[in-house]
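Okay, structure first, notes after.
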Ligand code: ADP
């Protein structure tokens, strides 16, 4: 490796995915080079950073190598074993967010219990971690109480809808429970929330204790993963938006979070907020900030882990929409390069972010941000963002447009 020398601090990010790639992009502007611990040179962030440590986030020795000389160690995913992070902390590494906070983003049961203790609204849930017989009995009782409108979740390791089973009848529910419990997966059951929509409240928090919240957004999920984000969430009352921001800021304080945090929320059909999930890292629901806010989530994450003053979180326009470029079932024959060429020709205002990943069905390979103008509504901006993203993944215009006609 070519040595990297700079008078600016080195931050290490564990994980070489798109979140690290985009954090590196923000690091460049701050005079830094993000060091990434990646599993391969081909990882999205390893392709672009000059400071790559190859290794595994499961190996303490690799984590130590990556942390050496860095001012802070942070993450682009939740997968690092907590015991390793505690060992690094004992050796004086500035792990941010600290293991004591990250624990609650890694463990859905601990998170639910802690949120309930702090008086934050969560869906009704049941812990299913006893002996098989007790857990099964508790699951069946919980299912009956909720008319089998329930969700089974793996306590650890789930993402993008993996490790989440939406259920609606007893037979199916018990089959899934038996399979997963039998495979040794730690589980919780949750009531299936009758929701109007899903929201996300993203904030940043520094070790000094400074906090800053972006406008609350609406997230639209497809096949269990985020597909579109509308910023701000359309028709959300100022009161509810502020309640969501305050909940996220208060929680981050209570848990000692450092960096950015996404609080995923359900808005129920009755207009109540329930907390679903926490992510203590840059998050898909914050990608719109790259083009649509004064400070992007990636820059804010770096500012926070370095204990710099936080940046302005105001939106740059009344409406901003992000649409993920998700791999098509069959990748189009037209190359990505040619698709990009056509998109840029047709939509000069589309801001495209590609992750350097190969296409596979439903895989997040990039996203498009559209910053709305004066005459726009959330619907018109959304239509354009989705049209652009669909073009990039399918080489088809959803409105039948033909460049050659
Ligand atoms: P992960 O983010 O780890 O993939 P989540 O807990 O966020 O898992 O669940 C993924 C998606 O499943 C959510 O965005 C939501 O659409 C749906 N979901 C999760 N929990 C519930 C619930 N209790 N009620 C209704 N839908 C749920």
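Every residue, even glycine, has its Cβ placed from backbone N, Cα and C.
Under the heading ATP binding site, TrEMBL lists 108, 153, 190, 191, 192, 193, 198, 276, 277. Taken from TrEMBL, the feature domain 'ATP-grasp' applies to 112-306.
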- [ ] Using Cβ-Cβ distances, find the residues under 8 Å from residue 190 (ATP binding site) that belong to the same chain and are at least 6 apart in sequence, listing them in sequence order.
- [x] 123, 124, 125, 126, 150, 151, 152, 153
TODO: Please average pLDDT over the domain 'ATP-grasp' (112-306) for the predicted structure.
DONE: 96
Open item on the list: For a Cβ distance below 6 Å to any atom of ligand 1, name the binding-site residues from 108, 190, 277 that qualify, or say none.
Closed with: 190, 277
- [ ] Specify the count of other C-beta atoms within 10 Å of the C-beta of residue 277 (ATP binding site).
- [x] 19
Open item on the list: Need the DSSP three-state call for residue 108 (ATP binding site) to compare against my parser.
Closed with: helix
TODO: Give the number of CB atoms, excluding that of residue 108 (ATP binding site) itself, located within 10 Å of its CB.
DONE: 25
Task: residue 192 (ATP binding site): tally of other CB atoms within 10 A of its CB - done: 16
Open item on the list: Using a 10 Å radius around its CB, how many other CB atoms surround residue 198 (ATP binding site)?
Closed with: 20
Open item on the list: Please give the maximum pairwise Cα distance, in Å and rounded to a whole number, for the ATP-binding set 108, 153, 190, 191, 192, 193, 198, 276, 277.
Closed with: 18
